Amino acid sequence: MTAAAQQARDRHEAPGAAARPDRRGAAVALGGGAVLLGLCALGSLLDARGCLAAWLAAWWFWAGLALGAQATLWLHRLTGGAWIVPIADGLNAMRAAIPAVALLLLPVLVWQRLLYPWADPGWVDTAAGPGFRHLWFNPVGMALRVLAWALVWTLLARVDGAGRAASSRPGYAAAGLLAYAFTISLAAVDLLMSLTPEWYSTGFGFVVLTAQLKAAMAAAVAQGARRASPSQRGDLGNLLMMYVLTWAYLSFTQFQIIWAENLPAEISWYVPRLRTGWQSMAIVLVVIGFAIPLPLLLFRAFKRSAAALRGLSILLLLAAVCEAAWWVFPSLAAAVTQPPAAASAGPVGWHAAWMLPLALTGMGLVARAAALRFPTAWPGSARAAAAASAGAAPAAATKEKRNADA
């Protein structure tokens, strides 16, 4: 029996059982998170827009980990495989934090006018050809939609985490994935795309979805690589490579189409990201999100090394943080018409650079507190994979020994 399979059996002996709540650990994590988020909020006295922008970027990163983890668990329910065993604990902890992460978005919904040009009543009169956007982009409608998506995510995660037989069926996983793809695409429109309201892209939702799956897998692998067998690490490395390739393909395709058309409304999102100092961040994203990971993941020996795979996963997590910042901050520094509330707050300055780490760490601690206080049950597919892995361990060990001798 592998170490991961033994750990799975020890922690989840009863079918559908969840880990015991850790109230003390949750209280400590929640207290630390509250202090850090409070310090970040105090930064609004120096730079209100920068504080809210840092909050939104940090929230998007942690929401991506939580939702991507839930989606990965659903994907495994449809496909199966022993690769889930060493990372199931990490995925389970991340998806348990979905309700808490959803609540952390409330400041963005309350102070929309600091970030979104369309939140100002006069935007419709000055915007060029708003069309349907002036109906879609309004503060009340946006808040209701985002709260509805957050409620859907919370209900799906809690029902799936309860360990009931009905939620362990493949049909539930398929429905959950469809709901996730639909809601996260619309959430990306409301929270990210509308920072530049004249911009639109039909592919942005797919880019965001793939980025979340990649980040969640990287976080889980960083935590569980040491518990995995060499063959499981090989599978995890292949999955990471698939996500890296898919993310790069979708991101480049979106850029290529918009670059070829060269329409003012469509390039309005890329201009502040590629014609300003944020161009350096774009280069960093290409290097650490694609150019470095892809060649390394082509080597079998690299993927089967726990230290190497863990290090690369941490690099991909860093890329996810940079990408979240790259999605938010350049839009606020762009030379576009800002509403009076945003203009009075001033441009996003260097204060956002120290508020972002505070928001990231604080939200991470709150998410950790939620996972400790309200743990969810291991998915049935993961328990089945753990049992199969435990039974196949002796044969796998013999095969590994033969390969080593050869």
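Quick reminder: no glycine exception, Cβ is built from N, Cα and C everywhere.
Nobody curates TrEMBL annotations by hand; they come from automatic prediction.
Pulled from TrEMBL:
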COMPBIAS  8-20  compositional bias 'Basic and acidic residues'
REGION    1-20  region 'Disordered'
TRANSMEM  26-46  transmembrane segment
TRANSMEM  52-75  transmembrane segment
TRANSMEM  96-116  transmembrane segment
TRANSMEM  136-159  transmembrane segment
TRANSMEM  171-193  transmembrane segment
TRANSMEM  199-224  transmembrane segment
TRANSMEM  236-258  transmembrane segment
TRANSMEM  278-299  transmembrane segment
TRANSMEM  311-329  transmembrane segment
TRANSMEM  349-371  transmembrane segment
Cβ-based contact of the transmembrane segment (96-116) with the transmembrane segment (278-299), 3 or more pairs under 8 Å: no
Of 52-75, 199-224, 311-329, 349-371, whichever stretch has the most CB pairs under 8 A to the transmembrane segment (26-46): 349-371
For the transmembrane segment (171-193): best-contacting stretch of 136-159, 199-224, 311-329, 349-371, by Cβ pairs under 8 Å: 199-224
Candidate ranges 52-75, 136-159, 236-258, 278-299, 311-329 - greatest C-beta contact count to the transmembrane segment (349-371) (under 8 angstroms): 52-75
Close approaches to the transmembrane segment (136-159) from elsewhere in its chain (Cβ under 8 angstroms; 6 or more beyond its ends): 66-67, 70, 95-96, 98-99, 102, 105, 109, 112-113, 116, 118-119, 167, 176, 179-180, 183-184, 186-187, 190-191, 194, 197, 376
Positions on the same chain near the transmembrane segment (236-258), where near means CB under 8 A and six or more residues out: 83, 86-87, 201, 203-204, 206-207, 210-211, 213-214, 217-218, 221, 225, 228, 266-267, 269-270, 289-290, 293-294, 297-298, 302-304, 309, 312-313, 316
Surrounding residues of the transmembrane segment (199-224) on its own chain - C-beta under 8 Å, 6+ positions past either end: 4, 61, 63-69, 71-72, 86-91, 94, 180-181, 184-186, 188-189, 192-193, 236, 239-240, 243-244, 246-247, 250-251, 253-254, 257-258, 265-266, 268-269, 309-310, 313-314, 316-317, 320, 323
